[in-house]
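**Q** First the structure, then my questions, so here it is.
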Amino acid sequence: GLLPKCKLVPEQISFILSTRENRNGVFLTLDSLKKGGILNKSDLSSTQVVFLIHGFISSANNSNYMDMTKALLEKNDCMVISIDWRNGACTNEFQILKFIGYPKAVENTRTVGKYIADFSKLLMQKYKVSLANIRLIGHSLGAQIAGFAGKEYQKFKLGKYPEIIGLDPAGPLFKSNDCSQRICETDAHYVQIIHTSNNLGTERTLGTVDFYMNNGYNQPGCYYSFIGETCSHTRAVQYFTECIRHECCLIGVPQSKNPQPVSKCTRNECVCVGLNAKRYPKTGSFYVPVESKAPYCNNKGKKI
């Protein structure tokens with residue numbers, strides 16, 4: 001009985017709901033939401049909703065996701081729903097057993113994806129949330145979950161999510177899969193991928209835009225080891241939070257044998273990483289130089 005269970009039933013999934021009125025958030029379940037009375041407004045038609053999804057051996061109240069939630073709320077009067085599927089992510093298992101549970105956590109990603117699709121449909125039906133105002137941001141296994149949520153939502157024949165942001169999507173047991181078994185550019189109208197590690201993540205292009213931070217691996221300030229790999233993998237979340245928090249734009253240059261310097265960038269061929277990426281005309285793969293310390297800015301204040 002020592003093997004990690006990493007069991008997940010949908011009833012165990014909870015979430016932290018945060019708004020400008022309640023920035024610290026409250027832990028809730030879908031049952032409590034269905035009974036009503038939690039959202040004090042019944043009409044959320046003008047509210048932006050962001051689903052945030054953690055990765056393997058993590059949880060919704062991990063400081064990196066709390067920081068991103070704060071940054072999102074400072075920038076927009078939105079509602080952040082940080083999904084907590086820690087039981088299924090092996091977070092509660094014995095330290096030494098956590099990693100053995102990874103394949104089970106991978107299986108659980110589909111359950112969580114379906115949960116999010118159902119949840120978003122409920123928000124639209126019961127609270128008048130507009131599909132155009134929904135965005136999913138997932139890290140690691142959470143990015144794969146966001147992709148599965150996008151696929152599940154499309155089964156309702158009600159359209160597609162406008163945007164999914166995959167922060168260093170998990171590579172192991174996904175990277176050689178075809179589109180139906182991993183996050184894919186068809187999961188939303190615009191799929192933005194940030195690559196920061198090539199062992200825990202993948203260098204494979206997956207989205208409408210793929211940003212390769214520092215070539216997509218060995219992030220500055222992280223070291224060459226398993227710890228360094230974890231550090232690089234987590235950097236994706238930190239980079240994105242800084243892109244939300246600061247007007248500083250991390251500029252992506254189209255990938256080529258010798259990418260042009262950021263200083264030569266214009267709006268038409270380069271793209272800023274972040275919530276406004278889809279406003280730029282260019283899609284494809286981009287190289288993003290980064291600094292080793294927050295806000296990781298690469299552009300000396302240049303705006304494009």
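The chain as shown is numbered from 1 upward.
Any Cβ shown, glycine's included, is placed from N, Cα and C.
Not my notes, these are from Swiss-Prot:
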ACT_SITE  S140  active site, nucleophile
ACT_SITE  D168  active site, charge relay system
ACT_SITE  H233  active site, charge relay system
DISULFID  C6-C90  disulfide bond
DISULFID  C179-C184  disulfide bond
DISULFID  C222-C231  disulfide bond
DISULFID  C248-C272  disulfide bond
DISULFID  C249-C297  disulfide bond
DISULFID  C265-C270  disulfide bond
CARBOHYD  N61  N-linked glycosylation site
**Q** Taking only the Cα atoms, work out how far C297 (disulfide bond) lies from the residue listed as 'active site, nucleophile', in Å, as a whole number.
**A** 23
**Q** Neighbour count first, Cβ atoms within 10 Å, every protein chain included; then name which of C184, C231, C248, C272, C297 tops the list of disulfide-bonded residues.
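**A** Top count of Cβ atoms within 10 Å goes to C272.
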**Q** Give me the CA-CA distance between C272 (disulfide bond) and C179 (disulfide bond), in Å, as a whole number.
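**A** Cα-Cα distance, C272 (disulfide bond) to C179 (disulfide bond): 26 Å.
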**Q** Neighbour count, 10 Å Cβ-Cβ cut-off, for C90 (disulfide bond): what number do you get?
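**A** Neighbour count, Cβ to Cβ under the 10 Å cut-off: 26.
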**Q** Please report the three-state DSSP label of C179 (disulfide bond).
**A** helix
**Q** Are there any residues in the same chain, six or more apart in sequence, whose C-beta is under 8 angstroms from the C-beta of H233 (active site, charge relay system), and if so which?
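**A** Non-local contacts for H233 (active site, charge relay system): S140, D168, T196, S197, L200, G201.
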